[in-house]
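Participant: Right, I'll just put the structure down here and ask away after.
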Amino acid sequence: MAKEPMRVLVTGAAGQIGYALVPMIARGVMLGADQPVILHMLDIPPATESLNGLKMELVDAAFPLLKGIVATTDVVEACTGVNVAVMVGGFPRKEGMERKDVMSKNVSIYKSQASALEAHAAPNCKVLVVANPANTNALILKEFAPSIPEKNITCLTRLDHNRALGQISEKLNVQVTDVKNAIIWGNHSSTQYPDVNHATVKTPSGEKPVRELVADDEWLNTEFISTVQQRGAAIIKARKQSSALSAASSACDHIRDWVLGTPEGTFVSMGVYSDGSYGVPAGLIYSFPVTCSGGEWTIVQGLPIDEFSRKKMDATAQELSEEKTLAYSCLN
């Protein structure tokens, strides 16, 4: 029995990440090889031609799972009936811009898109915010879409999570699929805390802690953390543009695990609405370790937190509280 198509919105679809993400969705990478999709692509009016070109390419690729395409600059049309919304569109920080300027631009974007989603999206729409500042954009979206359940509004830290797994696999010369349960705590920014204290590697003699195998606490507590924190900047330096392919791939991972579930014994990182777990202030969108089942995420509870971790977790929470204050000041 063929499944009903799911409607997936990508905002900022004509941009770099959109160009990498849209074919992944159309191929079934995000929702599964048996799940038909109807793509809704939104961008701003100056990108109309580019958006139409993307639509032409999607037609030309003849994706079997792609059952329809809505390409539009109208936010209401874009949001109507969508089951999944991936918010890639935002206002990027340009040289010489103050953080407050960027924040106020994004606050107005996310305020209007929140209203459109609230009024027109499918009832249990799942939202993933990718555009920076991702955690705070997601918080604004939550504020202005009160009827969307708060558990349905998330932000992307899976890219950082995957970067952490990648660094460990390179260091130990193992397959990345054999590394699991790294954690990204906090903000999708350079204050995030990549934590390996609970991470393990599959070896011929069973699962072993990453700390034990790396056997270099100095590296794990300094270079590993800063490499993951600064990876986005390193890619901009190398490519002269921001990471698009890896961001798109991790957005698919985030939604796929959320919708289809995480493997037994594995947790992943998602930016979700804090309930006060691990002493993180409630009312922030903060990256936690989660497991997913039946289309719902649950924060992994009871992990021991050492003093080193506590400081880092508090520092990134502090930054998020400051961003929240800044964002709210832009509303007035």
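Heads up, the Cβ atoms here are built off N, Cα and C, so glycines get one too.
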Participant: Out of R163, R211, R256, which is the one Swiss-Prot records at the oxaloacetate site of R99, N132, H188, S243?
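Facilitator: Within the candidate list, Swiss-Prot flags R163.
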Participant: Quick check: of the recorded positions listed here (R99, R163, H188, S243), which one has the Cα closest to that of D43 (NAD(+) binding site)?
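Facilitator: Its closest listed neighbour, by Cα, is S243.
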Participant: Taking the Cβ of each of the recorded positions and counting other Cβ atoms inside 10 Å, which one has the highest number: R99, R163, H188?
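Facilitator: Going through R99, R163, H188 one by one, the largest Cβ count within 10 Å is at H188.
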Participant: Sort the recorded positions R99, R163, H188, S243 by C-alpha distance from Q16 (NAD(+) binding site) and give me just the closest.
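Facilitator: Spatially nearest to Q16 (NAD(+) binding site) by Cα position is S243.
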Participant: Based on the record's binding annotation for NAD(+) (Q16, I17, D43, G90, Q113, N132), what whole-number value in Å is the widest Cα to Cα distance?
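Facilitator: Looking at Q16, I17, D43, G90, Q113, N132 as a set, their Cα atoms extend up to 20 Å apart.
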Participant: Round to the nearest Å and give the CA-to-CA distance linking G90 (NAD(+) binding site) with S243 (oxaloacetate binding site).
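Facilitator: That separation, Cα to Cα, works out to 15 Å.
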